[in-house]
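Listed features, source Swiss-Prot:
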type	residues	note
REGION	1-29	region 'Disordered'
REGION	50-66	region 'Cysteine-rich'
REGION	67-77	region 'Core'
REGION	79-130	region 'Disordered'
COMPBIAS	79-91	compositional bias 'Basic residues'
MOD_RES	THR85	phosphothreonine
MOD_RES	THR89	phosphothreonine
MOD_RES	SER94	phosphoserine
Amino acid sequence: METPLKAPESSLKSCNEPFSRTSEQDVATQELARQGEEILSQLYRPLETCNNSCYCKRCCYHCQMCFLNKGLGICYERKGRRRRTPKKTKTHPSPTPDKSISTRTGDSQPTKKQKKTVEATVETDTGPGR
């Protein structure tokens, strides 16, 4: 009698197998849903600083922060404003007040005296020519 009782149990197991497969599929989809939620939570989590100073390919791609900073060169850190050097106050007057303004500022236009000397050197140069 034991043998006929085992046969119906095995037939019941075969009927229950598709149900167990669907429950396994439900577990798998729930696991995927949890993984998706975890990925989204990581995406919206603020980036953590990384103290790795290496710029090799492996280190550039090991976290999102390194990829932005090292791989793409994007840095969102707040840069401090540069301080201007304080202007030095002049305690003494300019040493050459008799020079013209153009010579003090380094103006490239020559004065009349310089023009005359240039013309004189051109006229006196009587080298071999045409």
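Here the Cβ of each residue, glycine as well, is placed from N, Cα and C on the backbone.
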- Message: For THR85 (phosphothreonine), which of the three DSSP-derived states applies: helix, strand, or coil?
- Response: coil
- For the region 'Core' (67-77), what does DSSP give as the number of helix, strand and coil residues? 5 helix, 0 strand, 6 coil
- Over all shown protein chains, what is the count of other CB atoms within 10 A of the CB belonging to THR85 (phosphothreonine)? 6
- Calculate the per-residue pLDDT averaged over the region 'Core' (67-77) and state the result as an integer. 80
